[in-house]
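> So Swiss-Prot lists the following for this protein:
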{"type": "TRANSMEM", "residues": "19-39", "note": "transmembrane segment"}
{"type": "TRANSMEM", "residues": "50-70", "note": "transmembrane segment"}
{"type": "TRANSMEM", "residues": "91-111", "note": "transmembrane segment"}
{"type": "TRANSMEM", "residues": "140-160", "note": "transmembrane segment"}
{"type": "TRANSMEM", "residues": "164-184", "note": "transmembrane segment"}
{"type": "TRANSMEM", "residues": "201-221", "note": "transmembrane segment"}
{"type": "TRANSMEM", "residues": "244-264", "note": "transmembrane segment"}
{"type": "TRANSMEM", "residues": "288-308", "note": "transmembrane segment"}
{"type": "TRANSMEM", "residues": "342-362", "note": "transmembrane segment"}
{"type": "TRANSMEM", "residues": "363-383", "note": "transmembrane segment"}
{"type": "TRANSMEM", "residues": "403-423", "note": "transmembrane segment"}
């Protein structure tokens, strides 16, 4: 599959279809992330207690608000599949672009695997409630990934319309649980006595450690920009969909912490597999239990569905630019999807979903995402310096520059330390992986890249050049 032949003129390639609107962008971003309200975030409570979990929720919310603001400005201008990869290619350079593309692929593929694991765990939990213990989770994990890959193969409009419906239901399930508990539908009253009796069981270091899993509330919202080449109006749809998405997630995250922390002891909450579903069980309401079971299932499926979409677009874009073998850069002649990239990434997701523990998969996804956010800080500064305001048309201009960039860099640095406290070995192993991949690209792959084709945006020369 190596591109060893000389570059010859090629006929016009099939392109992805521009069929999406702001609602689909919202569904892509929130759909990927909302599963973080249904599982994973609660490990932050286990790391530092209830107060630490709440602080992690809001600090991570600030981090991702900065991400959404920065991403909306650059993506509304660089309207190409691949998102941050395309940004790095135009603004920074090839090596950074390769790494950012790899960050995206690994972050979304690992998140997809984590979602599939959660589907299996949820079904096992429900089977246990019915007295059927020892359910084999693996067939359900495989079925979930294969079905969603098939859906992505068949077309982006159907895929993200499906995401829009099930994401809306999953979000409304959280709202329904919150309202029901507030109006006395729970057999167990809300109890926040641990806030005063044991506010920080592990001290201030627990707050820092909890930030690791606090990111799970919002991880993946930046995936909205992967649809840049498939929305009808990128300059309008991407900022609207992304900013509406982060506001939705901030509301959902706060409601989730409030309900779960009030209904369950923090010691149990900190290790629960499906905290919102468990909170519904505590209420004693069969209707709420069924609703939150459906919400959990839909949230995990929506997230895995969006992850397949985003990972395949990043892999497809890198292949189209010959950063990877160009064979993967093909578009299906009927469905107009990057079908080879979709199919290729399926077995990778299955390997991790079937063979790795959930916390390790989640950590790999978080760390890959953090590396991408760190890139955004340098990317934003270079973008504003090379093309100042007024030099090129922007669909959205984020306010208070460079404050969001500085805040994002500080919070990313803190998050790295938080991950190091609990997963230092995994952090070191992941850094080694990306260093080896960078060396491979520099010495083996870069010679196939068409240097003259890298800059595709109709922009003037950078300021000072």
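Cβ from N, Cα, C; glycine included.
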> Taking residues 6+ outside the transmembrane segment (140-160), which of them lie with a CB under 8 Å of any CB in it?
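Distal contacts: 16-17, 19-20, 24, 27-28, 112, 115-117, 119-120, 123, 227, 230, 300-301, 304-306, 308-309, 312, 332, 335-337, 339, 342-343, 346, 349-350, 353-354.
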> I'm a bit unsure how to read this: which one of 19-39, 50-70, 342-362, 363-383 has the highest number of Cβ pairs shorter than 8 Å with the transmembrane segment (91-111)?
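Stretch with the highest Cβ contact count: 363-383.
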> Do the transmembrane segment (164-184) and the transmembrane segment (403-423) share at least 3 Cβ pairs under 8 Å, sequence separation 6 or more?
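In this chain the transmembrane segment (164-184) does not contact the transmembrane segment (403-423) - fewer than 3 Cβ pairs sit under 8 Å.
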> Does the structure show the transmembrane segment (244-264) and the transmembrane segment (50-70) touching, where I'm treating 3 or more Cβ pairs under 8 angstroms (sequence separation 6 or more) as a contact?
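Touching, yes - the transmembrane segment (244-264) and the transmembrane segment (50-70) meet the threshold of 3 or more Cβ pairs under 8 Å.
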> Applying the under-8 angstroms CB criterion, which one of 201-221, 342-362, 363-383, 403-423 scores highest with the transmembrane segment (19-39)?
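That would be 201-221.
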> Report, as numbers and ranges, every residue of the chain located at least six residues beyond the transmembrane segment (50-70) whose Cβ falls under 8 Å of a Cβ in that stretch; write 'none' if there are none.
41-42, 44, 192, 194-195, 199-200, 202, 206-207, 209-211, 213-215, 217-218, 221-222, 242-243, 245-246, 249-250, 253-254, 257, 261, 266, 373, 376-377, 379-380, 398-399, 404-405, 407-408, 411-412, 414-415
> Mind checking which residues reach the transmembrane segment (363-383)? Cβ under 8 Å, same chain, six or more beyond either end.
63, 67, 70-71, 73-74, 84, 87-88, 91-92, 96, 99-100, 103-104, 106-108, 110-111, 114, 212, 215-216, 219-220, 222, 352, 401-402, 404-406, 408-409, 412, 415-416, 419, 423, 426-427, 430, 434
> Looking only at residues six or more beyond either end of the transmembrane segment (403-423), which have a C-beta under 8 A from one in the stretch?
47, 59, 62-63, 65-67, 69-70, 205, 208-212, 215, 363, 366-367, 370, 373-374, 376-377, 380-381
